[in-house]
Amino acid sequence: MMQESATETISNSSMNQNGMSTLSSQLDAGSRDGRSSGDTSSEVSTVELLHLQQQQALQAARQLLLQQQTSGLKSPKSSDKQRPLQVPVSVAMMTPQVITPQQMQQILQQQVLSPQQLQALLQQQQAVMLQQQQLQEFYKKQQEQLHLQLLQQQQQQQQQQQQQQQQQQQQQQQQQQQQQQQQQQQQHPGKQAKEQQQQQQQQQLAAQQLVFQQQLLQMQQLQQQQHLLSLQCQGLISIPPGQAALPVQSLPQAGLSPAEIQQLWKEVTGVHSQEDNGIKHGGLDLTTNNSSSTTSSTTSKASPPITHHSIVNGQSSVLNARRDSSSHEETGASHTLYGHGVCKWPGCESICEDFGQFLKHLNNEHALDDRSTAQCRVQMQVVQQLEIQLSKERERLQAMMTHLHMRPSEPKPSPKPLNLVSSVTMSKNMLETSPQSLPQTPTTPTAPVTPITQGPSVITPASVPNVGAIRRRHSDKYNIPMSSEIAPNYEFYKNADVRPPFTYATLIRQAIMESSDRQLTLNEIYSWFTRTFAYFRRNAATWKNAVRHNLSLHKCFVRVENVKGAVWTVDEVEYQKRRSQKITGSPTLVKNIPTSLGYGAALNASLQAALAESSLPLLSNPGLINNASSGLLQAVHEDLNGSLDHIDSNGNSSPGCSPQPHIHSIHVKEEPVIAEDEDCPMSLVTTANHSPELEDDREIEEEPLSEDLE
C-alpha cells in the first residue's frame, strides 16, 4: 500500500509537472499569440492572457479536488491515507509555491516518500521556481515592450500632429500669398490709374509753369517800361520827337534791351551810392539854423538826389556806353548767368570753357522742368527779401540824412506820464543875501538838474495839467486800487521782466484778496508772485526774504493757525489805518524836521532865485509864461505854504535851534505814476524836501526798489 501511494504521488507529481509544462507551453503559446497579437493589434494585452492562464490552472485544480472528494466518499479507508498526499499537490496546483519545511517534516515523519522521491520532488520544485522566474522576467519584458510601444505611438501621434500643423501653416501661407497676388493684381489697374493721374498732373504743372513764365516776362516788361518812364521824367533819357508818339509797349524795342535796362539801373544806383558817399565824407554842418537847410532836407527826403548827366545827341552818355557794351553781348562774350568760365545758375557752378559750351550746358541742364522752375521761385523769394531789406535800409539812410541836414531838434516828451518832483533848496549865495536865516534840513544826495541848451519852449494850456489834479496827487495815489493797474497790464507784467511799481505790502494784500477764501499760505503767496510777475521768477532769495519781512513787520497781516497749517489774512481796518497814516504823514518823520514861522516866505523867495540861477529860461522869462503856467506856480506855492502850516500846527518846530548856512543841491526826480486824466500826460509837482508828505511818498515809492527788506 505504501508503495502504491508513493507511486501515486510520483504520478501526481509527474502529472503536476506535466500540467505545469502544459501550462508553461500554454503560456508560451499565449505569449507568442500575445506577441503576434501585439504586433498585429494592441487590442489584447499580455496581462489579460496571464490572468486567463491562471484562471484555467485554478479551474483544473478545482476539478481534481472534486474528483478526489468523490473518490474519497466511495472508499473512506483509502481517503485517510491519501490526505497527507493531497495537501501538497493541491497547494502546488492552486498556488505554485515551494513546499514549506513543516510539510517536509510531516512527509519525513510519515515516511511516505523515499529520499530519491524527495530529491525528485525538490528538482521538480526547482524547475517550477525557474519557470516562475522565467515567467516573471517575461512579464517584465512584456511590460517594457508595452511601454515602448505606447511611447512610440505617442511620438508618432505627435509627429503626425506636427506634420498636420506644418501642412496647415503651409496651406495658410499659400492662401495668403494667393490673396496678396490677387490684391496686387487688383491694384495694378489702380497703379496704372495713379500713373495716368501723375502724368496729367505733370502736364498741368508744365502748362502752369509756362503761364507763370509768361506772366514773369510780362511783369519784367512792365517794370522796364515803368523804369524807362521814370528815367525819362527825371531827364536821364531823352526820346527823339519822332518816337514820342510811340506806345509804351514799343519802348524796349525802340530804345533798350532788358540787359541794357538792368545795366542802366546798376549804373544809376552806383551814381546814387557815390553821391551818398560824397555826402558822408564831405561832412555836414549840424549847427546851421537857416531855413535853407531844412528845405533841402525835406526835398532830399521826398526824392533821392540824382545827378543829371549831360545829354549828347538826344541820349545820355550812360546809354551810349551801355550800347557800346551791348555789341559785345551780342557776340556772346558775356552773359548774366556766365562769368569767369563758371555757370552762375544758383547751386550749379559748373565749369564751362567757352560761351558755346555754356549755352549747351544751359539748354541741357537748366531746361524747363520742375527743378529749374523751383529754383526760379526760390530766386524770386530771395529777390523779394532783398528788395524788402533794401527798402528798409533806404528808409534808414533817408532818416539819417534828414536828421543830419536838419538842425538839432528838441526831445519829444515820452508817452509815459512822468511826475517831475523838484525838491529845490537854496544855494550859499542866496542864503547870504536872504534877510532871514533858514534852519538846516536833512537832505539826500540826488542828481542835479541838467541845464537845457535848446531854445525856450512855451508852455501851452494843453501841456499843463490841471491844478486840482496836482493838489489831489498825494491823497488820490493811495486810493487807486492795485487791480485797476494790474488788470489791463496783466499780460505785460506776466511776460516782461519789469519791476511792478508797488510795495511788497500792497502786492501781498492783492495776492490774499484775489484768493477765494481770502487767506493764503506762504508758499501760495510765493507762487502768486512768480505767476503774476515775470520779474519775481529770478532772485528768489532776495524778494522772498522781503515778503517774509513785510508779513512780520506790518500789523495788517494776521497769521492764523489752521488745520492745513499757518495761513495769512489781511486786517482791512489796520491796512486802511496804515494808508491814512502815510497820507497825513508819520509823526516820526515830522518830528526831526525843524521849521520856523518865516520859513514859507523865505522859501518862496529862494525858490524863485534858485530857479532863476538853474538855467531855466522858462521861469526867468516872464513873457513866455502864460496864464496856465502862472496858475501852476501859484498852486505850487500854495502847496508849499499848506505843508508848512501843517508842520507848524503839529507843534514840531524847534526855535532854539541855531540857524546854520548849508548848501542845498537842486535835484529832479522822475518817476512813473498813474495818469489820472488822459488829457494830462505830464504832472509837474514842485515841493521842498522838508514836506512830510514828500518824505512819506518817497518812502512808499522807493520801497519797491529796495530788494533787501521791502
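Any Cβ shown, glycine's included, is placed from N, Cα and C.
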Looking at 164-183, 184-203, 644-663, I want to know which stretch Swiss-Prot calls region 'Disordered'.
644-663
Listed range which Swiss-Prot flags as zinc finger, given the options 79-102, 247-270, 343-366
343-366
If Swiss-Prot is the reference, give me the range from 242-246, 417-421, 492-496, 522-526 marked as region 'CTBP1-binding'.
417-421
